[in-house]
Amino acid sequence: MSSREVLGQAARLASSGLLLQVLFRVITFVLNAFILRFLSKEIVGVVNVRLTLLYSTTIFLAREAFRRACLSGGTQRHWSQTLNLLWLTVPLGVFWSLFLGWVWLQLLEVPDPNVVPHYGTGVAAFGLSAVVELLGEPLWVLAQAHMFVRLKVIAESLSVILKSILTALLVLWLPHWGLYIFSLAQLFFTAVLVLCYVIYFTKLLGSPESSKGQVLPVSRMTDLLPSITRSRAFVNWEEAKLTWSFFKQSFLKQILTEGERYVMTFLNVLNFGDQGVYDIVNNLGSLVARLIFQPIEESFYIFFAKVLEREKDATLQKQEDVAVAAAVLESLLKLALLTGLTITVFGFAYSQLALDIYGGAMLSSGSGPVLLRAYCLYVLLLAINGVTECFTFAAMSKEEVDRYNFTMLALSSSFLGLSYLLTHWCGSVGFILANCFNMGIRITQSLRFIHRYYQKSPHRPLASLYLSPVLLGAFALSGGITAVSEVFLCCERGWPARLAHITVGALCLGATLRTVFLTETKLIHFLRTQLAVSRLADKTT
């Protein structure tokens with residue numbers, strides 16, 4: 001498969017995933033806003049910070065390294081060995097679930113049972129849900145490697161929606177159940193997620209089209225189970241070594257990704273109520289990152305991993321592939337920069353209004369608006385970092401990955417210390433400032449790698465980080481106008497004034513986007529081309 005065909009598949013996967021995720025996220029957003037009005041801040045803090053951290057840590061440590069290693073392989077591989085390696089995530093998940101569950105129950109502060117009942121059950125349920133989800137890992141990797149459009153998005157979004165519906169019903173009917181509600185909802189979520197993949201592959205492998213076209217490297221569901229053959233080793237040891245390298249990196253990356261939750265959980269710098277407010281604002285602020293940046297990062301990581309060869313310099317690879325990768329990277333960086341800058345500029349003037357609509361006075365008063373404004377700046381850095389690390393991790397050699405681990409180690413240590421200090425200095429916003437600092441360092445590391453990678457080639461993808469003075473002026477003018485509008489129209493002057501404030505923002509946003517269309521013609525051409533490819537691919541499938 002040529003690099004341009006792989007690019008078409010990646011663009012198709014990203015665009016389809018984006019549209020579906022927007023639809024499902026809107027439904028989930030409404031359900032969560034409804035649920036939020038029936039919960040205390042303490043319940044939200046324990047569930048969204050303490051228990052979710054247990055689940056995400058178990059999942060991340062058990063599978064992240066396996067995913068990256070198994071998706072980085074070329075087309076010439078023995079899938080039975082890859083599947084055997086992926087099944088090792090299940091016993092690893094059991095180990096992490098038991099160990100972390102003991103830590104959560106024995107070493108951490110236990111919430112007041114009168115305020116947050118059934119904490120022990122919640123710890124057990126969230127740990128078990130992580131193990132259940134790992135049972136579907138071989139199916140997930142197989143689907144991602146073959147770029148099955150919509151499967152991942154539909155499975156995850158459907159699971160989240162059904163979980164939110166179940167939570168809303170239980171909160172209304174049985175509010176005294178406490179953490180029983182969220183324990184049942186979490187187990188239901190992972191069961192539905194795995195079941196979606198099992199049903200899809202069962203139907204696909206049982207269809208006559210699959211057997212004729214040989215779409216997959218397996219012909220029946222039993223081929224997905226662990227198998228031992230005398231002719232080959234149980235696992236591919238090169239993939240196993242790469243997994244270990246990524247595991248060391250993933251352990252540190254998890255500290256950076258969830259660092260503020262670890263500080264809150266282990267150092268008790270905020271009470272459970274403040275943790276709840278911070279987490280709600282954090283989730284609301286990262287909504288665009290999950291909707292737009294994450295599908296793009298995951299899809300184009302696969303593209304770069306398939307097109308570029310590890311261990312080889314850009315000058316030693318097929319130049320057509322290198323040129324396509326450079327063009328894609330340049331356009332993705334420009335898209336991330338413009339999207340993040342738009343969120344930052346307009347988010348400052350509309351943070352308080354957004355929080356008031358979403359959660360009422362509990363969020364819009366106090367530190368909520370300041371937190372969301374700071375997060376808007378963080379989203380800009382998240383956008384750029386997602387694209388740069390997407391390319392960097394796909395192109396790095398094993399030795400470079402190992403060297404990067406040392407940088408991540410120093411970064412994780414500084415992050416934890418900086419978070420603790422900034423939190424004591426300026427409250428919960430210190431977490432976001434510490435994240436911005438560390439994200440800036442990660443971006444710098446990735447930019448250095450990209451610069452060295454293309455230094456001896458004629459391609460300069462990093463040039464996309466420069467914006468024209470006209471476009472920068474449009475952003476600055478929009479930011480000033482919306483800031484003045486917020487002072488005079490928002491947010492205690494009633495809905496007519498709020499609607500006027502929204503209208504001002506819409507007009508400024510329209511003018512800014514118009515400037516983007518006139519000045520960034522290369523990016524617009526790339527987006528139109530990939531959208532046309534995606535539509536053509538949809539018609540032919």
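Cβ atoms here come from the backbone N, Cα and C positions, even for glycine.
Sequence annotations record features per position, and here TrEMBL assigns transmembrane segment to 12-37 (among others).
The feature transmembrane segment is assigned by TrEMBL to 43-62 (among others).
According to TrEMBL, the feature transmembrane segment maps to 83-107 (among others).
What TrEMBL records for 119-141 (among others) is transmembrane segment. When Cβ-Cβ distances below 8 Å are used as the criterion, the transmembrane segment (119-141) is approached by residues 46-47, 51-52, 54-55, 58-59, 62-63, 66-67, 70-71, 82-83, 86-87, 89-90, 93-94, 96-98, 100-101, 104-105, 110-111, 113, 152, 179-180, 182-184, 186-187, 189-191, 193-194, 197-198, 200-201, 224 of the same chain, each at least six residues removed from its ends.
Here TrEMBL flags 153-174 (among others) as transmembrane segment.
Taken from TrEMBL, the feature transmembrane segment covers 180-202 (among others).
Tertiary proximity for the transmembrane segment (370-394) is limited to same-chain residues at least six positions away from its ends with a CB under 8 Å from its CB atoms, namely 68, 72, 277-278, 281-282, 284-286, 288-289, 293-294, 296-297, 300-301, 304-305, 308, 325, 329, 332-333, 336-337, 339-341, 343-344, 347-348, 351-352, 354-355, 401, 428-429, 432-433, 435-436, 439-440, 442-443, 445-447, 449-450, 465. Sequence annotations record features per position, and here TrEMBL assigns transmembrane segment to 370-394 (among others).
The transmembrane segment annotation in TrEMBL covers 462-484 (among others).
Under the heading transmembrane segment, TrEMBL lists 499-518 (among others).
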In contact by Cβ distance (the transmembrane segment (153-174), the transmembrane segment (83-107); 3 or more pairs under 8 Å): no
Within-chain partners of the transmembrane segment (43-62) [C-beta distance under 8 Å, separation at least 6 from its ends]: 36, 89, 92-93, 96-97, 100-101, 104, 108, 111, 115-116, 119, 122-123, 126-127, 129-131, 133-134, 178-179, 182, 186, 247, 250-251, 254, 257-258, 261-262, 264-265, 271-280, 283
